[in-house]
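So the structure is just underneath, and the comments pick up after that.
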Ligand SMILES: NC(=O)C1=CN([C@@H]2O[C@H](COP(=O)(O)OP(=O)(O)OC[C@H]3O[C@@H](n4cnc5c(N)ncnc54)[C@H](O)[C@@H]3O)[C@@H](O)[C@H]2O)[C@H](O)CC1
Ligand SMILES: [K+]
């Protein structure tokens, strides 16, 4: 599923127009498709109000009103901001009247069961004008089902800011042609409710898309009957200090359960014995950090990671550089994520910051990052020629050429210390088993979130802990591999 910016939608509309497809027709299709999408949510005797604005979002509301009224729904079409001013919306209002349909006066004292927001769409500039704010806060105070058309009024298509928190608080949003970035940004994303896209019959395609289960299945490596431990490569993870042994254990769990043939943990003596009791399959490079700083990389390593459970220091920086020089695909996490002028490496480098770490890398506030995480991750990835996995709700994966993905899986069960360590282990392990590093990164992030979704089918998200991945990964991977 593709995700669009406002300018891409305008471009697509313009192209359709040049090819003889009028905006009037597009709006007609939009209104009709919205009608079909909404039918399962509403009843004929619901008191429904459509709040129509003066632009084309309002025009969609006019068409929707016509379809609903023709089908016998109890609908009031109102223009609380004034009558339409765009050509297409005006034409549709004329046509609406020709069909003997009527519009109502806006009366905030009336009570409704369903409120449909067609006030503002992708033409929004923020902050909202006072008259719009009033209608939005009226809507949010009503005890009614709230449905937004395209985007909830008060959010923009491309950015996550919601000035003063004033936006239509939708239960459902139906986005035309495709979902917009703000669905996945914060705080805007919290206003959309359940979001679906509505096709208006135009060709799909953009440089940002959502990872699909089908794509994970299609790119997940087969385990042939003839495979042996060498087939799936040896992974190396530099992790853990005596006072943070748990992170290294969790990274080892993530790695060993995700398919790598062999796992070498570069760590301290004490941490090694802790790991060995939970992940007996692991082998060790003792005094790992120092040995790697000296250039000692064990043989046959095909993927590496550094960072879980270690603090930023000169030796961590040095070890990271040694690994970057080696040409082995490298995951850089936690203590190894340090600000630097360049990430020049001979192989792919994958940074896995959470917003706090990305804030340290970029100098931007966490709030700014959350409101614009897609573009910021993409910009960093392109500028530094690295892959950025910006973690959080809707993890963003941006590759050095700008290709960017959003991960749909996961829930609040992952918002716990240690789940990032597991992810690092998983990415390293999948780098070792996949031919294509991009697939490895996408698949690991998707499966990591899928584990949390599986957990929440039976248990409370509150109680999930990172060590549960030991049990969850086999179930998640079974769902991915089942159809192979
Ligand atoms: N291909 C498609 O996806 C189609 C989508 N359609 C719909 O058209 C709107 C976009 O229409 P547009 O007229 O460009 O913008 P708006 O409806 O959002 O209205 C802009 C209108 O509102 C005023 N305005 C902007 N910001 C504010 C504010 N802060 N306060 C008050 N007023 C504001 C501004 O002056 C403009 O006049 C899209 O979202 C879809 O719903 C089409 O149906 C066709 C195909
Ligand atoms: K809207």
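Backbone N, Cα and C atoms are what each Cβ position is placed from, and that goes for glycine too.
Going by what TrEMBL states, the K(+) site holds 57, 153, and the candidate of 45, 94, 117, 171 recorded there is 117.
Per TrEMBL, AMP is bound by 391, 392, 393, 394, 395; the candidate from 363, 418, 420 named for the same site is 420. For ligand 1, the nearby binding-site residues are 60, 124; that is, of 60, 124, 354, 394, these have a C-beta under 6 Å from one of its atoms. Among 391, 392, 393, 394, 395, 420, the residues given in the record as binding AMP, the maximal Cα to Cα distance rounds to 14 Å. Of the chain residues outside the AMP site list 391, 392, 393, 394, 395, 420, 354, 390, 396, 407, 410, 414 have their Cβ within 8 Å of the site's Cβ mean position.
Secondary structure at residue 395 (AMP binding site), taken from DSSP and collapsed to helix, strand or coil, is coil.
Not one of the binding-site residues 60, 391, 392 has a CB under 6 Å from ligand 2.
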